[in-house]
Amino acid sequence: MAEALASQLNNTTLGEASSDTRWKDQLKAPAKDARPQTEDVTATKGLEFEDFYIKRELMMGIFEAGFEKPSPIQEETIPVALTGRDILARAKNGTGKTAAFVIPTLERINPKSTKTQALILVPTRELALQTSHVCKTLGKHLGINVMVTTGGTGLMDDIIRLNDAVHILVGTPGRVLDLASKGVADLSECPTFVMDEADKLLSPEFTPVIEQLLSFHPKDRQVMLFSATFPLIVKSFKDKHMRNPYEINLMDELTLRGITQYYAFVEEKQKVHCLNTLFSKLQINQSIIFCNSTNRVELLAKKITELGYSCFYSHARMLQQHRNRVFHDFRNGVCRNLVCSDLLTRGIDIQAVNVVINFDFPKNAETYLHRIGRSGRFGHLGLAINLINWDDRFNLYKIEQELGTEIQPIPQNIDKKLYVYESPETIPRPIANASQAQLATSGNQTQNMGERRHNNHSNGGHYQFGRGRGSYRGGRSQGQRRNMQNEMNKFGTSQNQQQSGKSQPAQVSPN
């Protein structure tokens, strides 16, 4: 009898083991990313996701999303987070921080409960949308409901959605506090409280809101803070609201190793000419171009379109639905260049971006770090080019000193191996149709002077090239159109140059 029972148990175990070896083969995983990676994500302990003993349904979502092995921040965070301990984690942008807190959060969710069990706070609407997308993608086999709520959208819509079970709530602090204060979002049994980009969330403008939100959570909550930089205000919050947090610091150096940084000394009125030269010489897959004001964002987007290049723009003064559409289309490869303010400096992950250009140089090291971190995502290669005028020289030196990095003068020819991959097929692109894919991979990936793309963006954030001029197609949220003539004069492009779409290339090497 005992032998028969043992034989039956052995047969069952063998069957389960056989099943264990087959479930991965049935997954619809994306094509493997063949691009080389830097030590930012490869210097691991050799762990596998299976070593964390998480649910198979969660592992299915992880592998189907294209994850292969945990990155260093994920190796350090996930096992500790699964125990419920508070975590204070500091790691570089683009090294897998989002998945580091999303995976343990998903693992601890009970789908049978109708209560909200996790709150994830982020500082911007775009980052909220991206984070909720990660939650839904990794947790798609778990049967859980993820909701994103931000300012700028209808409050009544959020109230209606909260009538259903919401297991994970992702949002910006102000909107979540509004819902919690009205008793619509019930956080009384929400044990997980996560803050991404914690340094921004704990700035003076957000801190009172964060502390009010904590009061709606149970006292035995788990608090997890993630960021690339931790100022003194984070230490103050830790001492006040966290219990013996496990501290992770993977910031032996601040900048990503895969990003090559250059500067070019350029007079203000020559910046557009210099940008034109860069476009004609660089092999750009997608680029993000930063300006220091919303006014200059729109002006530059218009100038780029007049020069004949595809271009979207985004800034904080646009309607939220317009910003969402621009972000979605750019991420899907509809357009090659995006001009924006610092709205998109934090956490935004678009892996097809291989070039970042600071058309306006930032004033501090923190902003610079977040800007250039939009390229070189997850250990890959990227290029950061800074257009510097005479007034920026002290900020350049200060940022180099604070970050412990070297920003080199731009050479006449930039080695493509620093930011270009041998085959465009190695670049992951979430493109929905063939026409978009053709835009992404046509030719040799280089923008040419004669390239004129008519991106008829219906919701603003776009300039259409026509009749030799960029025509305005919406994108502003309020107020009358501002008189931009003074700023246009600063850019130094003549009327004839605007109509022809051509300008003389600037000398981008330093004097």
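Placed from the backbone N, Cα and C atoms, the Cβ positions cover glycine too.
On a predicted model such as this, the values are computed, not experimentally measured, just so you know.
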1-39, 391-429 - the range that Swiss-Prot marks as region 'Disordered': 1-39
Per Swiss-Prot record, range annotated motif 'DEAD box' [choices 108-111, 180-183, 196-199]: 196-199
Range annotated as motif 'Q motif' - as stated in Swiss-Prot, picked from 47-75, 308-336: 47-75
Neighbouring C-beta atoms (10 Å sphere around the C-beta of Thr98 (ATP binding site)): 24
Gly96 (ATP binding site): tally of other CB atoms within 10 A of its CB: 23
Number of other Cβ atoms within 10 Å of the Cβ of Lys97 (ATP binding site) across all protein chains: 25
Per-residue pLDDT averaged over the motif 'DEAD box' (196-199), given as an integer: 86
